[in-house]
Every structure is written in C-alpha cells, then in structure tokens.
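S.K.: Structure in structure tokens, see below.
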Amino acid sequence: MNVTLREEIYELAKEWVLEAGKTIREKINDPLTINTKSDRNDLVTTMDRDTEYFFMTHIKKTYPDHFIISEEGYGDELQSLDGTVWIIDPIDGTMNFVHQKRNFAISVGIYHDGIGEIGLIYDVMAGKLYSAKRGEGAFINKTPLPLLSEQKSLYDSILGLNHFWLCENRLVEESAIQRLVKTVRGTRTFGSAALEFAYVAEGIIDGYMTMGLAPWDIAAGIVIVNETGGVTTDAFGAELSLLGKSSVLTCNPAIQEQIINDYMKKGRK
Ligand code: IPD
Ligand code: CA
Ligand code: CA
Ligand code: CA
C-alpha cells in the first residue's frame, strides 16, 4: 500500500474511531436495548449496531472500493483478503459494556492484500488509543510503546486466559492448561480480546490465549502486537486466517515456543 494513501486512511480511521468513542461515552448512561444472539450470554446492543453502521457508511462513502469484515452484519461477505479490507469490531467486550460500562474497545484493523497495515484499538472509557502502522511502531495515544523484553521467562509471565480452558473442551486436555496455570506467575481475564492484545503489546501481560476468536477480535491487535515485537498464531503455532474463527495465542516471542510445545501440543486432544 502506498505510504501517502496509508497515512490518509490512518488519519481518517483514527478520526472516526475517536468520534465513535465520543458518541459511546456521551450515551453511556442512556437506556440500552439488549438482545441475544447464539445464546443468552452472547449479547448485542443497539450501540454495537449503530457504531458499526457509522463506520460502514463513512468507509463506503469515502472509499467505495474498500471492503469490510465486521461482526454485526453491515460488512461484506468476503472469500479473500484481496484489496483493502477494514476488519471492524464496533464494540469488543459487549458484556463489559453492558455490565460494567467500561473495559470495552473499538477495534479496527486495515489490511491490504492480506497484509496488516493499520491497527487501532480504542479503550473508550479510559480514553486510550492503541495504534500502529506496519513498520512504524506502536503507540498509546502519542506515546511510543517500547519493544517487548527479550528476557521473559514463562515463570515470570502473566497470561490472559479465559476460564473455559479449564472446562471440558475439544482442543486440549484440561490438565495441560492446569499445568500451565501453575507454571506462570499469574493469570488474568479481561473480557475484551482487543484489549488483551493491546496489553500484550504494552507488555503489561506477556501473552493471551483463547479458544475461538473471529477476525474482528484480532485484526487490529495483530498489527499492534507485531509492532512491539510480539507474535500471533493459533494456540498450536499454526498461521492464522482472517477469514474464519480459530484459537489464538498472542505473546512475547520469548515464551511462545514453550507454551506451544510443552503445554498445547503435548495436551492436544
Ligand atoms: C468477545 C470478547 C471476549 C472474548 C469473546 C469475544 P464481543 O467479543 O472479545 O473477551 O472472550 O470470544 O467474542 O462479542 O464482546 O465483541
Ligand atoms: Ca459479540
Ligand atoms: Ca469481539
Ligand atoms: Ca463486538
């Protein structure tokens, strides 16, 4: 992607993300219409839909030849990542949005011919924008994020893990995850995949592993984590596709092999 065009797209995407965030903040105490999707805990609100609609209308008006992959139905049905594709989660962490009114994010990843060029993750209530352009480093607001420490051991690591890993599941023996949980310094569950990616990039957690994420949960995060030297694959080390769901491990490269080889591959069902 041409650098001048990328700069223009980045500035506009940032402006729209900040504007969408401002609208959400202004309406945070308004009554919500909450619906469920696949099950009673899979929530969606009018704010999720309205925010996605806002992005879709702005993108299609400004860049009619760009494509969109997004959660709430306003995107395109794509079979490939050819061209410029905006991968959008209007609210990542809807459960937090509904129950806590904080700890949720807007996530926008922009890819060109399958390559992640721009990542924006906006922690709306904290007013923190995590951003990155490929090859130009990552930032929180205007502050550059340092590269992740190469000296990390698994024993000193904090991992973002969803507790479903400890329940009966079809991917890996629960005992393997129990061993992992006992090995690391601590575990955390934040309830927003995008924010967990951002925290890995920031180095305040050292990895985040989860069972089933969609492209919009991870597209921006991958670009931002890459820019601080982190790595992202599925939970068994395979390359990720942004056209479907998969397990995800994003982490400091110093602990990646150990997690995959000693815990995930060994415990694989
Ligand atoms: C969810 C959040 C959550 C993760 C789920 C996602 P949503 O996204 O990122 O942390 O565990 O797998 O679906 O539905 O709130 O956008
Ligand atoms: Ca959802
Ligand atoms: Ca999400
Ligand atoms: Ca969402």
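Note: Cβ is positioned from N, Cα and C throughout, glycine not excepted.
TrEMBL annotations: computationally assigned, not manually curated.
Note that this is a predicted model, so its numbers are computed, not measured.
Dumping what TrEMBL says about this protein:
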BINDING   E71, D89, I91, D92, D217  Mg(2+) binding site
S.K.: Using the CB centroid of E71, D89, I91, D92, D217 as the Mg(2+) site centre, which other residues of the same chain sit with their CB within 8 A?
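M.R.: Nearby residues not in the site list: D48, I88, P90, G93, T94, A105, S107, A193, A194, A214, W216.
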S.K.: On a simple 10 Å Cβ count over all chains shown, which one of the binding-site residues E71, D89, D92, D217 is most densely packed?
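M.R.: Compared across E71, D89, D92, D217, the most Cβ atoms within 10 Å surround D89.
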S.K.: What number of additional C-beta atoms lies within 10 angstroms of the C-beta atom of I91 (Mg(2+) binding site)?
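M.R.: For I91 (Mg(2+) binding site), the count of other Cβ atoms within 10 Å is 29.
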S.K.: Taking DSSP three-state, what's D89 (Mg(2+) binding site) in: helix, strand or coil?
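M.R.: For D89 (Mg(2+) binding site) - judged by DSSP and reduced to three states - the answer is strand.
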